[in-house]
Structures are given as C-alpha cells and as structure tokens.
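Everything on this sheet refers to the single structure shown next.
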C-alpha cells in the first residue's frame, strides 16, 4: 500500500480511531480480567490486534483484538496448563499457524461457502448481540456470565432474561441509553457540530 493511500483519509481515520480507542481500552482490560490473565496482557492483545494484524491484513475493513466470547476458553486453558507462560507459548504457536495459513492464501477456502450462510450467521450474531445488550440498556444485569451463553447460571436464558428486565427497569440507565441512541441517529444532522463523530459523543455521554 502506497503512502498516499495510507494518509488519504487521515481525518476520518483519526476520529474513528479515537472512538475505537475509548471502547477498546476498557474492553481489553475487562476481558483480560475475566480470562484470569494479567491486565497488561489485555492491552498488548489490543495493540497487536490493531497494529500488527491491521498492517498484515489485506482487507479494507477488519476487526481484531480480544474477543469476549473466548473468555471461558482462555480461562480454562490457563487453568489446564497451570502456568501462564505455557499458555502464552500456545498462543504464539497458534499465531504462527495463522500467519502461515495467511501466506498460503488458505482463506480462499471461504469462497466455497455460500454467501447466504455467511449472511445468516452474521444476522444471527446481530440478533444475539441485541438480545444480550437490551437488559444492560435498561440497567438490568442479574448475571454477567449470561453474556456468553444462552442458558444462564441463574436459571434464565436469553429470552426469559428479556422478560425479567421489564420488572427491573432502571430509569437512569434507560435515559442514558435513549439519549445515546438519539445522539447516534441525529447528531450529524445538527449544523456545525456534525464534524464531531456521533459515536464519540455517545461514548462520552456514557
């Protein structure tokens, strides 16, 4: 990629990068804590995902970094190995395999999967994310572990948790949620202030 292409959209990259930074820092720290890993490891994972993976990937758009869905996997792996350094070695070896497959263009295998399957999977992920976040939007979080599984340890599932939320609505959290959504939808329509990214304003509001 040429230097001109890298800096062709600096203004947009800086604003979007700032928004991602404000979201990624607490996310990386939280995932590291939930995984039983040192907090600094979460920051390193976020940096590598943003800089190294972003520079090596040929995709125009990509999302890289610690994944909350792998928290249970990482925690069980650290517990099984017993030593955090051994787990890190396993991660490095896995990364080497990923780089090797990337150099071999193994990603072309994805071309043999029907696009409808990919769209269906992404739609399902979107529905799950919405269902999991709605209780938080109204200030109800009875079981944080329920964020990773359909069946929660408190006996509820993703659907029944939504019904329980009706009886546990927190007015303050609901107001913040509504204001944030309105900011994202209508901020860019306000003259002069529209140059400030709406997601950034919403994050600051939170």
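Heads up, the Cβ atoms here are built off N, Cα and C, so glycines get one too.
TrEMBL has this to say about the protein:
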- 11-204: domain 'SLC26A/SulP transporter' (DOMAIN)
- 14-33: transmembrane segment (TRANSMEM)
- 40-61: transmembrane segment (TRANSMEM)
- 81-104: transmembrane segment (TRANSMEM)
- 116-134: transmembrane segment (TRANSMEM)
- 169-187: transmembrane segment (TRANSMEM)
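Away from its own ends, the transmembrane segment (81-104) comes close to residues 37-38, 56, 74 of its chain (Cβ-Cβ under 8 Å, at least six residues beyond either end). A mean pLDDT of 80 is what the model gives for the domain 'SLC26A/SulP transporter' (11-204).
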